[in-house]
């Protein structure tokens, strides 16, 4: 032994003795395992024949046997399917999952219930555990089912005429269906006469889809199911594409769609949203613009609320648009109706419809059209009502010295946009004597016959009422718009007062434009005399002077615009 301590190697004989001793211990353990009665038919853990020794049976030690028995029991975990009545799943799960948690704790078996029955009267459950724990779980589940069947009130709650239907609600929509404080699900139950239960807890993991159980008459259950699915669809269609048949309409509300020309969108919204807030507060509705598709000459505003309030808000919006047209000169587009051309309706269904053209400008002038930060092209879009954009990918064989712009809109809008682009690039049309005289804005009509109507006899939006859910309730406007002196028109005019120029500053540009105000005044005087000479049951109000003043303002405005454009081109 001293030699071993000093690190010398042990003799070969001692190594052989150690191996024999270890082998002897292995044989003893194998003999004990083989001597266990209920393991006699099983395969031994260690086969002594591998080492060339026979099996020797030894007395069983109690401690070792108990440990080995526990290991054997751990290996006998199985899975079994068990079915329970679909109508009683809620009773088995219990409030907050208390019942099913108690069953699992008492039996030692894990219970997983399928989320839906797929229309069959029984719901499959998966039981996982030892055979003893599975049997215990079956016994406890059977007790609950028997107690529910024989208990009082069960048949009162679910009779032969009632049906139960479950729909799986996405986890992100559970709160939407329940509502704040359970308000939405309460309204659904009151309106449909069914009972709804959202199964929040149970074996389902957190964040998973939750089943909504609907109990009641078959027809009412189906109606409630459709209403729930409609709420979910509404949430998914939050981009407001298409006319929205929204759930609030069933609760006493509704929505209409009002078309707003592009140039008037900013006017309806107002500075920092002040105007649209004022409209909402005054009418008691909610207004939201649909996303801009970049193509249509109009933007759609969704007005949501009671029908009468929606109509009131639509009327206010139309007043703002008409006021803006009168004030900023866009009224010529609508005023052109009845001047012999019959053009200028803002609606998409106007004569000619929405068109698209390609307009070419020199490459070195492209920056003048776009402007710093896109200011010029935005101004062109606002003033014309058309949509102008630069073609990013020109045709392969196109001239590199030219740039192409795409203009979309009705013919009048396209023509105005072309005129504005020519101003920016200094085109030949800029200095022509009749540059603006050829546009629908300021061109005087030929002497009309007696049946010619005044330029604004039908108002700016003749088709607006038809667009509002197909309910034409609009009243034709006769003569100049009277609302210019009302609150909404004056509000917009007040915003525009700082930008007005002194009349003396407009005198020079006016001299370059032919003055048609006198001709229009004479024309309306003749019309007035002819109308007074004819026998009428009731004489309409005389708008002669008002129309004369209106056309003086039109000539003054476009004369000023032309003068500014000429000065700008001379500076360049």
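Placed from the backbone N, Cα and C atoms, the Cβ positions cover glycine too.
When the residues 76, 358, 491, 561 are compared with Swiss-Prot, the one annotated as phosphothreonine is 76.
When the Cα atoms are compared, residue 296 (phosphoserine) and residue 76 (phosphothreonine) turn out to be 71 Å apart. In terms of local Cβ density within 10 Å, 296 ranks first among the modified residues 76, 296.
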